[in-house]
Amino acid sequence: MGWTMGRPKFLNMAACKDTPLSGPGGNVDDNLKRFFSFNAKEGIDNPAMVITDDTDSGTTAHPRLCVLKREEGESYGFYLRMEKEQPGHIIRKVAPGGIAAYSGLRDGDRLLEVNCCFVDDISHQEVTMKIKLSGNQLSLLVLSEEEYRLCKSKEYDFKKLPMVNKSECCKPPRLCHITKNPGSGLGIAFAPVEGQKGHFTVNLVAGGAAEKAGVFKGDRLVWMSGAIVEDLSHSAISTMLKKCGSQITILVVDAESEKYYNSQGIPILPAMATTHNLPYTARKLHLLPGKDGYGFLLHLERSPSGRVAYVLREMVSGGPAEKAGMRAGDLLLEVNGEAVEGLKHEEITDRVRQSGQEVTLTTITPEGLDFYTKLGLSPLLFCEEVMVTKQDGSVQATLINEKTDQNQSVTAACSHEEEDDETTHL
């Protein structure tokens, strides 16, 4: 397939043993920060300090933002673990001189956020999926081992930490697909922001196609048809806009939020976005087996363009697949959250048969896969959850955003050394 998020070349299983989580000086308690207050009796000329019992959360923990960028097929150079009887998503085996080490990741760090999405309270599988779907750029918010364990011992709410608790004015970016209006065109233009190289503001035609697609006047352009605009000149953007044909997909954010992200050093990525007017989305289908199976055939086919994919065919009328909303000709992307790219036909059918009382299949149309491939995005970033209404058998689809979906899993990305231990090389 043309997209690379399902089974990256750099993903490997790992067999790591549990590592004691003590601080560099031995017991973690020996490494906790002390808190000091000024002794007013001594005056400012003699700033004697006394230890207090102040445990204000604002001074006990200092999350670090680590921004990682890599080339296609390159590893980030660290392992993400959940270890038996140890809390948190743990950073391990940071490769010396690697991308992760260069970004500031350290062995033992606990992962709090992936691309501004809080992850401390979700599963290992969900976290690794978020990392893989981010592509070749990633922002991780982490806390040192000592600070994490101190906060955990005090039952502190990690969502209240600085940078985790975002400013109220900070909003996620929007991924907007604009289809040209025959009369007014795309209804959008871009102007460079004075004094800020690589920054562009949005001008709109009132009531035009762009405004209807979720773009607002004064928005800042971040990304256009797969290209990050900070690397482009105004003339290059204008040329791209003229050559886009009848439609274009852009990533925008309001000016105040852009200012916040830039001040914190947070990259603004499609993986963080809410979606507006996208023409295609992947669909998650939930199938319950009938007495004769699931009622569809899986074919490995080659398209005219040369792409090889698993295609869903020959749905049995009234069978489980048809009832779940399956459409003939759609492409299979995942089985129970595991990407099928790279799997053999018999491996896929085995996973379906071994699913028990329910199997979840993620699918997309061939046109949809082409759409995301041209944008350089994974079709798994934005999905519809397709549910069957039991009363009348009708099918309803609800758009879900993978940033907050807590039903996603990536079984293939994990290797279990012993019960409750999970490791993923990233």
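Glycine is treated like the rest: Cβ placed from N, Cα and C.
Bear in mind that TrEMBL entries carry predicted annotations, made automatically and left uncurated.
Computed from a predicted structure; not experimentally measured.
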Range annotated as region 'Disordered' - as stated in TrEMBL, picked from 343-363, 406-426: 406-426
Per-region confidence, the domain 'PDZ' (64-146) (mean pLDDT, whole number): 92
The domain 'PDZ' (64-146) - residue tally per DSSP class, helix then strand then coil: 17 helix, 28 strand, 38 coil
Helix, strand and coil totals (DSSP H, G, I; E, B; other) for the domain 'PDZ' (175-256): 19 helix, 31 strand, 32 coil
Per-state residue totals over the domain 'PDZ' (284-367) - DSSP helix, strand, coil: 15 helix, 31 strand, 38 coil
